[in-house]
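Okay, structure first, notes after.
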Amino acid sequence: GTSRQIPQTIIIGVRKGGTRALLEMLDIHPNIVVAATEVHYFDWDENYVKGIDWYRSLMPFSYGNQITIEKTPGYFTSPQAPERIHDMNSSIKLLLILRDPTERVISDYTQVYYNRVESHKPVQLFEDIVIKNGALNTKYKAIQRSLYDVHMEKWLKHFSLDQIHIVDGNTLIKDPLPELQKVERFLNLPSRIMSSNFYFNQTKGFYCIRSDGRERCLHESKGRPHPLVNNTVLEQLYSYFREHNAKFYRMVNHSFDWH
């Protein structure tokens, strides 16, 4: 009685915002099934040309009462993804998880840094990438990805605000349950995720998941220590994002506790 369904909900981003944590935590819910990998269907042309049947073939089997969810953080910043998703299903529900834009930039750098170290490639200090000729390097991709207002504008051309639920990534890490209950309500699902599904792992410094008698934590690549960043550079980043954040708050009628 199961079949592969095109997702009724997509986690569209943002990269280094907590998309993996959100997906793993939602996977606890009996009415949710999740795609195992990031599909990159709507943001990579070479995948999009393979067509909708190819996309469906990558989804898990589900029962009629279950919602299929996939997550690809690259969708949020992709110029093509909003229109392509709308063409597939104009009434789809979208999940967007965001965190403080400066923290997101540092986390983005940290992931690339460790990947380069593991591949024995040369690495640069954070400050040497973010500052060029004494000024903030606003062309740096990680900074561009944190301009939430710029990207959100593209999504709001195709979807109404009530189709996009924003999850506070900073809160999800500190206290997962309230954020997940909001998602349950947004998806019109019965309340099934409970506080007993989480326990705080002192070693890792974040919550891990307990369900079906199993315990699991996010991959060791998650929660890596960030580099200590020069205060002057931090202030430059805070200052640069301030106006973009204010514009984003107005767009979504909600403000966040960001610098």
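Think of each number as a place in line: the chain as shown, counted from 1.
Cβ from N, Cα, C; glycine included.
Please treat TrEMBL annotations as automatic predictions, because they have not gone through curation.
Note that the structure is a prediction, hence the values are computed from the model and not measured.
For reference, TrEMBL has these:
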- 7-245: domain 'Sulfotransferase' (DOMAIN)
- Lys16, Gly17, Gly18, Thr19, Arg20, Arg99, Ser107, Tyr207, Lys222, Gly223, Arg224, Pro225, His226: 3'-phosphoadenylyl sulfate binding site (BINDING)
- Lys16: active site, for sulfotransferase activity (ACT_SITE)
- Cys208-Cys217: disulfide bond (DISULFID)
Query: Rounded to a whole number, how many Å is the Cα of Cys208 (disulfide bond) away from the Cα of His226 (3'-phosphoadenylyl sulfate binding site)?
result: 20
Task: For the domain 'Sulfotransferase' (7-245), would you mind checking the mean pLDDT of the predicted model?
output: 95
Message: Applying a 10 Å Cβ distance cut-off over all chains shown, what neighbour count does His226 (3'-phosphoadenylyl sulfate binding site) have?
response: 13
Message: On a simple 10 Å Cβ count over all chains shown, which one of the binding-site residues Lys16, Arg224 is most densely packed?
response: Lys16
- request: For Lys16 (3'-phosphoadenylyl sulfate binding site) and Cys217 (disulfide bond), determine the Cα separation and express it in whole Å.
  value: 17
Field: Rounded to the nearest Å - Cα separation of Ser107 (3'-phosphoadenylyl sulfate binding site) and Cys217 (disulfide bond)
entry: 19
